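In what follows, a single structure is set out as structure tokens and then discussed.
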Amino acid sequence: MASKTFRVAKIIFKRSQPYFCPVINGRSYSTAITSGDNEPSFLDSVQIYFNKAAKISGVSEKTLSHIKAPDCSLQVTFPIEVDDDKVEILTGYRVHHSRHLLPVKGGIRFSPGVDEQEVAALAALMTYKCAIVDVPFGGAKGGISIDPKKFTLAQLERITRRYTVELCQKAFIGPGVDVPAPDMGTGAREMAWIMDTFRQFHPNDVNSIGCVTGKPISLGGVRGRNEATGLGVYYGVREFLSYPVVQKATGLSEKIEGKRIVIQGFGKVGYWAAKFFEKNGAKIIGIGEKDCGAYNPNGINIEDLFTYLVKAGTFQGAPNVDIIDDTLKILELDCDILIPAALERQINLGNATKINAKIIGEAANGPITPAANDILIEKGIIILPDLLLNAGGVTVSYFEWLKNLSHMRFGRMTKKWDELGKSKLVELVENNAGRQLTESERKSIVQGAEERDLVYSGLEDTMVAACQETKSTAASKNIDFRTAAFVNAIQKIANVYEGSGIMFMT
Ligand code: NAD
């Protein structure tokens, strides 16, 4: 790789935002700046949702304005040699939305749609998301504006390492500062490259592997991180289905079994959500990908279709499914639960009235525009919001970071000890009852928890608690679940800002 010297970095610190008040469908969306398609940009959408909750949060204007504005923003450009005589200049971003708690946390996205406002919107959502699930981190996000499919493996590695060098040089990464994770277009492989690059800058830092989460297990990752977001989506939907208020509004029973589910996006989040719903008896009747959708009213075999997609790169030609050529139509299928798990702003003024789901579980970040959100609520559709429903990823990232700082696998010190104690108890019960347990009965009672068991259990507990808090705020204030989730997040963040004196309150 030829090294080139051209490089630009821009760091912007906290600033106030310009606000306008557009009217969409007769409704005023205060603080929104409309984008080209006459709906607010992703960033403005997040702020619209924030403002709605802020008004009823009971938090002072001063603190609210401080919470809302991003703390600092980094933009870098760097060259990458794509073939012998051609160089492309790439643009990368990292935004720290709120550093009220450190480190800040948020994924790194490789996608052509990445720009400053998208990264800022995702960073803001991370702040609120961490607060909702009581993960003691501030919010951040990063990304590079590229289509990763257009680069070779070697080029992707160079791009990832080069971006990490920029983050290292500007102090936008580190186990106590900023801990990235995978997002769209990135995974364990990229996290391993990031960690290795960071370690070259910090060879004596004993905690350096905690600079990033979502790593391969062999490099300090935690069991259960790959599936965490999808599993969290499953736990969240299952929890909301158990609430009488949701059953009454949708006419659905609390059982997952037999529920008809449609998923948009068959990547890390969509695939794992599909797997857990299928495993628990739901029927995945439709899945949408970039170029087309797959449909089978009797239920799609998830592993078969995924294996086909990995090999063929498309659903076209896959057995046992009908192909829907217009992939956006997948969102309009008649179903019980619709799970957008791809991009933002997929449900908007163009298709909101055509949505035929009873519940929408936002696995993706920002899949519904504010105007569409209002239409869907008026149609009686229950929306389980992104900042709550997809928080499983950051929850298990937190567990991974804790594992890295403790330098020990979860369960290593306790598994055998627990087994010993439980064996003694079983023996006592067997002696008193006069009956020996079968080998499988004994194993299921005595077996000590492995790392994955502990991670799943911590994730389930976190998701259930966060859903219950959201439901309870929604009920007490008579508001929708998204607004309730924002209210809870705002109040928790305000407590840190005001309690710690960051606001220099008088
Ligand atoms: P991914 O890159 O693994 O998967 C995204 C999938 O969506 C890919 O298969 C892609 O081909 C598909 N896709 C792209 N455009 C599409 C379109 N127009 N229609 C249908 N499918 C399309 O990304 P991911 O990690 O699964 O992230 C998906 C969403 O979930 C993003 O919004 C991300 O921010 C959010 N999220 C991810 C995590 C995580 O842990 N990875 C955590 C929280 C939220």
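Placement of Cβ uses the backbone N, Cα and C atoms for every residue, glycine included.
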Practice task
For the substrate site that TrEMBL lists with K105, S397, give the additional residue from the candidates K86, K129, K416, K422.
Solution key: K129
Exercise for the section: Note the Cβ centroid of K105, K129, S397, the recorded substrate site, then list each other residue of that chain whose Cβ lies within 8 Å of it, in sequence. Expected result: G106, G107, M126, C130, V135, F137, G139, A181, A391, G393, V394, T395, Y398
Exercise for the section: Please name which of the recorded positions listed here, K141, D183, T229, is nearest in space to K105 (substrate binding site), Cα against Cα. Expected result: K141
Fill in the blank from the handout: Hits among K129, K141, D183, i.e. recorded positions with CB under 6 Å from ligand 1, come out as D183
Fill in the blank from the handout: K105 (substrate binding site), Cβ-centred 10 Å count of other Cβ atoms over all protein chains shown, is 28
Completion exercise
Rounding to whole Å, the Cα atoms of T229 (NAD(+) binding site) and S397 (substrate binding site) are apart by 10
Handout entry: Maximum Cα-Cα separation (Å), residues K105, K129, S397 listed as binding substrate
Key = 13
Practice task
Let me know the DSSP-derived helix, strand or coil state of K129 (substrate binding site), please.
Solution key: helix
Fill in the blank from the handout: DSSP, reduced to three states, assigns D183 (site 'Important for catalysis') to coil
